[in-house]
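**Student:** Not my notes, these are from TrEMBL:
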{"type": "DOMAIN", "residues": "48-187", "note": "domain 'Cyclin-D1-binding protein 1-like N-terminal'"}
{"type": "DOMAIN", "residues": "199-303", "note": "domain 'Cyclin-D1-binding protein 1-like C-terminal'"}
């Protein structure tokens with residue numbers, strides 16, 4: 001019996017949900033304008049922090065209003081809905097202040113968190129609209145907590161593009177470290193599982209190449225491991241250089257850091273592709289192609305590093321050394337696969 005009135009009261013929430021979905025679509029696809037001039041980072045962070053805080057509070061108010069009887073009147077619901085919508089529009093507006101010139105790496109990280117806040121709020125309105133009765137459901141608690149968590153992330157965001165690139169490179173390094181360890185483990189465990197069984201007398205040989213590495217495979221794979229380790233060393237060194245020398249004071253420095261982050265992002269997928277092709281049965285040509293792809297990404301990372309402000313003369317030695325290591329391992333891969341071409 002109370003249902004129609006309850007539906008009625010929630011009507012404004014439906015409109016809000018539609019409006020929030022439109023904001024989300026724009027955030028996902030959108031390149032905002034160039035921000036407003038003059039742009040000041042500290043002011044931006046203050047404003048963003050405030051809008052996230054207000055959003056968190058509005059989520060709490062909305063959730064409480066629908067957590068126990070009596071349900072809010074249509075008028076109250078309209079007011080609550082309006083406040084939620086204004087809070088989210090403010091979040092998006094402040095995000096749009098951040099110009100591309102501050103760094104695309106930074107912008108992407110801020111956009112990801114902003115998007116999560118909007119998604120969280122859509123999820124919360126969904127939960128309330130779908131709740132059958134005037135009681136606080138488990139889903140509603142979870143959704144409200146989700147908005148709070150998303151809003152709290154603003155305090156962990158890197159404050160400029162140098163910090164953003166440090167965090168991006170550290171993430172890449174973590175993934176590559178894991179891949180290298182996994183591969184080393186596989187090579188240790190991957191001794192020929194049938195090595196202790198005599199050769200099959202009828203066949204004269206064991207035909208099961210699918211489950212083990214031959215001696216030739218192992219030679220090839222050791223050079224591939226060399227490339228994978230060079231990837232790890234490369235990211236470690238670049239990360240240290242960006243921490244020590246990276247600056248985000250001029251458009252040129254900011255752009256150089258973005259270029260570094262963009263190319264470093266290609267290392268981990270290239271390492272993964274190479275690792276996948278290293279499992280038996282080994283196709284030497286596939287290994288060679290994937291090794292060449294990784295080698296070229298690494299050389300590009302080293303070139304971009306060397307040409308940028310994060311590489312003062314003292315850093316050039318390791319750039320040279322790692323370039324040599326990449327070439328050396330790639331040449332060995334080429335030699336081992338020469339007969340396959």
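Using N, Cα and C of the backbone, Cβ positions are placed for all residues, glycine too.
TrEMBL entries are annotated by machine, without manual review.
Each of these features: where is it, how hidden is it, and who are its neighbours?
**Tutor:** Counted with DSSP, the domain 'Cyclin-D1-binding protein 1-like N-terminal' (48-187) comes out as 118 helix, 0 strand, 22 coil.
Mean pLDDT for the domain 'Cyclin-D1-binding protein 1-like C-terminal' (199-303) in the predicted structure: 91.
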**Student:** Per DSSP, what is the residue tally for the domain 'Cyclin-D1-binding protein 1-like C-terminal' (199-303) in helix, strand and coil?
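**Tutor:** Residue counts for the domain 'Cyclin-D1-binding protein 1-like C-terminal' (199-303) by secondary structure: 80 helix, 0 strand, 25 coil.
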